[in-house]
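Note sheet for the following structure.
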């Protein structure tokens, strides 16, 4: 699940041109208040989520370009209020929508996803987007680079560094220019306190920040992870070399300044590269990992483990996916692209008779097995294998588990035609497809519809407020279970066809980790 490990802070936006067919202001898909999996999952958003009194856009942004400035079509919260939330807004690459009211952000994302599935989804399939009650300080993983301030020079070998000589913050949009920030509207406040404390300790102890141009300096990055429920804090200090003078004193001082810190790890990256983490690590303080609770299960998080950065919305996302899967206690669940097994283990504890997780990353599979063992989950097993190869082999096998439900959460580039063909041949009763890129998800869903599945529901979840990103869940059922699909659901419109051809780099990741 390599897509989920984002070790490159130099993000570049992949914003393709909006397809011509979607430039018109086209009708919205009809929303449903009923949940095809049973219950009332189609409930409308409460006023706190929608933004009471917020004005709806006069022309909803139905185009699929999530990078399009929402202020062109929605009511802006105002530049002044955005600046009050973050003085670096407009320059920093952390978020792009602080100047748009949250209600209008949700509306725009919902309509952009709806437009991608026009011609694929039947009437009533669109469920309301799920936003956050408090869409601030939600990122429980913070990556802060350190760099020398422009013009910062010592006046002698033994001269002291000043705090102003060291920059930490985030990169300017589309560049590798560091924008210093002491506050952030979306980062966890404890994590931010850690990164600033490290800067102060560096200045006090003359620890040189890394200079990308010269390759000199010692401290490159701090990667801080905060347990959403546990409150435990893991700090990874990335250094330009193995020797860490006074490392014990450094750990004591950091833990004194931020008592929530429970463990500190040194990661060594001596290469002149934009990649954040190196291959060598050692634990300086504490156990080297933290524990956190997600959906009632406990997960062990180390410096390079995958773990969703917005745990609040991850629980919302997983709850929706499991409810749409409609597990009754007899199904075998295939968890494809399972990573460390988080959603598969949730399924195993919420109605699946058996879970088989598959992922090509062996380290992730080891973590998944350890997580199952730690939580006492005995009805889940994990396989280190390419998901496409696994699906093809299972489809060709005479020992197909039935009844079967497929959970899939592929990388941003989407799944493969071979995987989807294998999935159709395997004929699971239901497919629940989670995606951080609705454009490639729409492309893949179209193939599944042509292979005998009917799209029954789509739900958007706002995992990253104040950014252009949105995740979506699609539930499909085999047609022979529904008595045949609507003819319209099998014919993708030309606009949807064009939309699904957006080029997506396999290396461009979601903001998941």
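Any Cβ shown, glycine's included, is placed from N, Cα and C.
What TrEMBL lists as active site is 436.
Under the heading active site, nucleophile, TrEMBL lists 436. When secondary structure is read from DSSP and collapsed to three states, residue 436 (active site) falls in the coil class.
In the three-state DSSP scheme, residue 308 (S-adenosyl-L-methionine binding site) falls into the coil class. What TrEMBL records for 308, 337, 359, 409 is S-adenosyl-L-methionine binding site.
Look at TrEMBL and you will find 17-31 (among others) tagged as compositional bias 'Basic residues'.
The compositional bias 'Basic residues' feature in TrEMBL is assigned to 49-58 (among others).
What TrEMBL records for 1-74 (among others) is region 'Disordered'.
The region 'Disordered' annotation in TrEMBL covers 479-513 (among others).
Packing around residue 308 (S-adenosyl-L-methionine binding site) is summarised by its Cβ count: 24 other Cβ atoms lie within 10 angstroms of its Cβ, all protein chains included. Proximity note: of the listed binding-site residues (337, 359, 409), 409 have a CA within 10 Å of the CA of residue 436 (active site), given in sequence order. All protein chains considered, the CB of residue 436 (active site) has 22 other CB atoms within 10 Å. Comment: S-adenosyl-L-methionine site residues 308, 337, 359, 409; largest CA to CA distance 17 Å, whole number. Counting Cβ atoms from all protein chains shown, residue 337 (S-adenosyl-L-methionine binding site) has 22 others lying within 10 Å of its own Cβ.
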